Amino acid sequence: MSIIRVALDKPLNILFDYLAPAGVTKQDIGCRVFVPFGKGRMAGVIMEVASHSDISPDKIKQADQVFRDVPPLPPELLDLFRFCSEYYHHPLGEVVMNGLPARLRSSQPFFIRTAPAIFQYRLTAKGRAVDISAIPGRSIAGRKLLVKLKESGMIEDGEAKQFSRRTSEVMKEFVALQWVEEIPVAPPVVPASSPQETQALPVLTTAQKNAIDAIVPKMGEFNTWLLHGVTGSGKTEIYLRLISLLLRQARQTLVLVPEINLTPQLEAIFRARFPGVRLASLHSGLNPTERAEGWVQAQLGEAEIILGTRLAVFTPLPRLGMIIVDEEHDLSFKQQEGLRYSARDVAVFRAKRAGIPIVLGSATPSLETYYNAITRRYLLLRLPSRAADNASLPTVHCIDIGKIKTQEGFSPPVITALEKCLASNQQSLVFINRRGYAPILLCRACGWTAVCHRCASRLVVHLREKKLRCHHCGHQAGFPSLCPECGNQDIAPFGHGTQRIEAALTRLFPHARIARIDRDSTRRKNSWQRILKDIREQRVDMLVGTQILAKGHDFPNLSLVSILNPDASLFSTDFRASERLFAQLMQVAGRAGRSGTLGEVLIQTEFPDHPLYRALRQHDYDTLARMLLEERKTARFPPFVHQALLRADAPAIATALAFLANAATMAKAPHQIEVFDPVPAQMARLKGMERAYLLVQSRSRKKLQEFLGSWRTKLDSLPSHKVRWTLDIDPLEF
DNA sequence: AGCACGCCGACT
DNA sequence: GTCGGCGTGCTC
């Protein structure tokens, strides 16, 4: 027992053997270890302990130090890493180290703060006497804090921290001034055996009740449940009931959500429902230490609910009882670089191994998931109507802009509807999936358009900043006054983006309060949360925005959704474009009329009879999904085949294509495997790199995997000057 | 991936 | 004469 095999963050598909430090046993498998490597030293994870090594003894170095600061990674997690390494054909060391929070990847030991201190801050008599003007006006955090304290007398740590990053400092000053006193709160005993659900629980709809009755008897076994519920049908309430059940059994629940935007919302709901229950929130908005702390709490079994984005699927969870993947169709579950894993698929595998249920929730399931459900590999639960008493699904109308002319992007019926909405104090939403002022800068004389020189894309006009921007690489350019091609002055923005629509709305409705919501307007930290608050508190009449608005937010007073130009992706070359467009439109449409008021959705299109819009009008996901599945079947697309992409990047497209051609010859297409011709990627140039890919597919996942395994060893030995290649399993983008 | 070693062009 | 280009090969 003197050799340890260590996973290191290196693009090599091997473990590295080291002489173990004294006293190392099999108990240390899963511990982090510090080792010499090349001329430096680095941190890794002990994957195996062995008695001998095949490496010649003179090469083997002595490992420096085994870290026992946190418990070793449990065997199930190491298995999960091995599975990912094999399935995604990615080096094990990179998989393992990618799964650890950054703070634990470093060579610094991590000191667990035992019993993370929770404090209450109570306003003293002295503090009560302080006038708000005693705090300088520029100390916004200080003022907010004092106002809050005067309102409620006391505040908890966690709540205070939400005001601003400065809060803890300010609070220290308050304590020093004896305005507040600090009272330690005893942390809840672990595990909280009975969740204190104090408030009256909402009455369940029949569909919700049926769903819960179906899952509850099978809580102890693996099943993949698809919870297919229209927007507003109350999926969250089902999650809450199931979690509550697990809390009573002292088991942990892992909840995966798409992106950080939704995390605070769901976190607030969970905390309100289960006060006193330890919830670890793992998202990219945390600093490395916070992230590691949440992770360790999960690993120690202290955190009972773990809420996080895709990376959270790799959290060690000793008492895991269920996994929930909310908005399972969301693309952000798939990592698009490095280890290209799908957190949703990894979660299903993890649940299967652990013998626990997994619930995939969506109003618009991915076709892969839906297919699994209708073929009974997954168990399907439906919530066909909205949960709130008086809420029904919005009416959807198409406006044929082939027949009715638009002005500044708006057709007369949309303008009228917006007017009516404004007059009756209802909020409206204008959806246009394009940031910036206009997508194109065009010379009317010669047809020249501004393009990015690093990407195969057009530059987008950002009028306010007087800049042209590439939305793919971030490149910025000034605004030319003449056409660089023909010298003509007649160059102008063409088409509509959110900024232009916002400007048009401001002209049309000068008295309306208009908010633009896109990546540009929500870039700054907390600005999205602020806008959301403004919307909820009715300080906004009209919202203009991109797909950010489509995602899971509840706008109670919103009654009109206008969708401006969705046609572009109807006839796209990407076979998933229709599925995505439909999901997106269904999601935005679902923002309308979620409580009380009847919602209305207006779609401006040149193809009002297209089946996609017909399905949308009838809120009929199933018919369209089945139709799209039929198309996929005849065209031999997923989910009827399994795909893998060999991607190659090179400075010149010919180099990338030549490499792929070589790779294709090596493949010697075995039985049941289709190897296609190398082709340039959709975005043929990105950030100065030319990109191409080679598609491989098979009806048998197993056959495809076997093939990929042997192919990859050959690829490793292929000359690849100037070419960077990766395998992308179950690719979503081409 | 880094980072070495190694073999050929323009510079103080 | 060297400094440095990046092609090739190794890391326990």
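Placed from the backbone N, Cα and C atoms, the Cβ positions cover glycine too.
Quick caveat, the model's predicted, so the values are computed rather than measured.
Some features that TrEMBL has for this protein:
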{"type": "DOMAIN", "residues": "A:216-383", "note": "domain 'Helicase ATP-binding'"}
{"type": "BINDING", "residues": "A:CYS443, A:CYS446, A:CYS483, A:CYS486", "note": "Zn(2+) 1 binding site"}
{"type": "BINDING", "residues": "A:CYS452, A:CYS455, A:CYS470, A:CYS473", "note": "Zn(2+) 2 binding site"}
{"type": "DOMAIN", "residues": "A:478-635", "note": "domain 'Helicase C-terminal'"}
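Listed in sequence order, the residues A:HIS453, A:ARG454, A:SER457, A:LEU459, A:HIS471, A:HIS472, A:GLY474, A:HIS475, A:LEU686, A:LYS687 complete the 8 Å Cβ shell around the Zn(2+) 2 site centroid, once A:CYS452, A:CYS455, A:CYS470, A:CYS473 themselves are left out. The two recorded residues, A:CYS486 (Zn(2+) 1 binding site) and A:CYS470 (Zn(2+) 2 binding site), show a Cα separation of 23 Å. The Zn(2+) 1 site, placed at the center of the C-beta atoms of A:CYS443, A:CYS446, A:CYS483, A:CYS486, has further neighbours from the same chain whose C-beta lies within 8 angstroms: A:ARG444, A:ALA445, A:GLY447, A:TRP448, A:PRO484, A:GLU485, A:GLY487, A:ASN488, A:ASP490, A:ILE491. It is A:CYS470 that, of the binding-site residues A:CYS470, A:CYS486, has its Cβ surrounded by the most other Cβ atoms within 10 Å. Comparing C-alpha positions, A:CYS483 (Zn(2+) 1 binding site) sits nearest to A:CYS452 among the binding-site residues A:CYS452, A:CYS455, A:CYS470, A:CYS473. Classification of A:CYS452 (Zn(2+) 2 binding site) by DSSP places it in coil, neither helical nor stranded.
Looking at A:CYS443, A:CYS452, A:CYS473, the binding-site residues in this record, the fewest other C-beta atoms within 10 angstroms of the C-beta turn up around A:CYS473. DSSP classifies A:CYS473 (Zn(2+) 2 binding site) as coil under the three-state reduction. In the three-state DSSP classification, A:CYS446 (Zn(2+) 1 binding site) falls within coil.
A separation of roughly 18 Å, to the nearest angstrom, links the Cα atoms of A:CYS443 (Zn(2+) 1 binding site) and A:CYS470 (Zn(2+) 2 binding site). In this structure the C-alpha atoms belonging to A:CYS470 (Zn(2+) 2 binding site) and A:CYS446 (Zn(2+) 1 binding site) are separated by 22 Å.
Within its own chain, A:CYS446 (Zn(2+) 1 binding site) has A:CYS483, A:GLU485, A:CYS486, A:ASN488 as residues 6 or more apart in sequence whose C-beta sits under 8 angstroms from its own. The average pLDDT the prediction assigns to the domain 'Helicase C-terminal' (A:478-635) is 91.
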